[in-house]
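Each remark here refers to the structure printed beneath this line.
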Amino acid sequence: MSSKIPLLFIISFGLYVSTTNSSPIERRSLWNFFFMTFIGGKRAPWKYDGYGNHCGIGGKGSPVDSIDRCCQVHDRCYHEVNENECGSYKRNVKFIDYDWYMQDKQIVCDTTDTVCAQAICKCDKDIVECLNQNDKDYNPKYNKAIG
């Protein structure tokens, strides 16, 4: 499995670069979230996929710990943004572009984006910060993808 991770990253990065024609960190929300976690987070993004009951696709039940709670809050944030700030869009917030950058080791959402894009960026920024703050609680036994 460990040899697949670098290959997965290389393929993901290649797709990331090849699917963009804009500034270095302007991508569709899922790519933004992946790279925001990769660059601004304490753990690789794939360490959270399948973690607990809420990290990754779907989400149900009670969070198993504070890491899983971060993912639950993120899911709710996306839902709220999809209903409110992005309600006029006819697509899921996971596929709306936004801009962000790092400044003094902090994630900054671009204020020139639409209200919708800024709200999505804030959801992603908040989860990365939440995951970082609760990193001590990360327990590999809760990761269904690797455990």
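Every residue, even glycine, has its Cβ placed from backbone N, Cα and C.
Features of the protein shown, as given by Swiss-Prot:
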ACT_SITE  His74  active site
ACT_SITE  Asp124  active site
BINDING   His54, Gly56, Gly58, Asp75  Ca(2+) binding site
DISULFID  Cys55-Cys71  disulfide bond
DISULFID  Cys70-Cys130  disulfide bond
DISULFID  Cys77-Cys123  disulfide bond
DISULFID  Cys86-Cys116  disulfide bond
DISULFID  Cys109-Cys121  disulfide bond
SIGNAL    1-22  signal peptide
CB-centroid shell, 8 A cutoff, Ca(2+) site His54, Gly56, Gly58, Asp75, site residues removed: Asn53, Cys55, Ile57, Gly59, Lys60, Cys71, Gln72
Other CB atoms within 10 A, centred on Gly58 (Ca(2+) binding site): 8
Least Cβ-crowded entry, counting other Cβ within 10 Å, from the disulfide-bonded residues listed as Cys77, Cys86: Cys77
Whole-number Å value for how far Cys55 (disulfide bond) lies from Cys70 (disulfide bond) (Cα to Cα): 8
Helix, strand or coil at Cys71 (disulfide bond) [DSSP, three-state]: helix
Sparsest-packed of the listed disulfide-bonded residues (Cys55, Cys71, Cys121, Cys130) - C-beta count within 10 angstroms: Cys130
Those residues of the chain, 6+ apart, with a Cβ under 8 Å from that of Cys109 (disulfide bond): Tyr98, Asp99, Trp100, Gln118, Cys121, Lys122, Lys125
Neighbouring recorded positions, C-alpha within 10 angstroms of Cys77 (disulfide bond) - of His54, Gly56, Gly58, Asp124: Asp124
Between Cys71 (disulfide bond) and Gly56 (Ca(2+) binding site): CA-CA distance (Å): 8
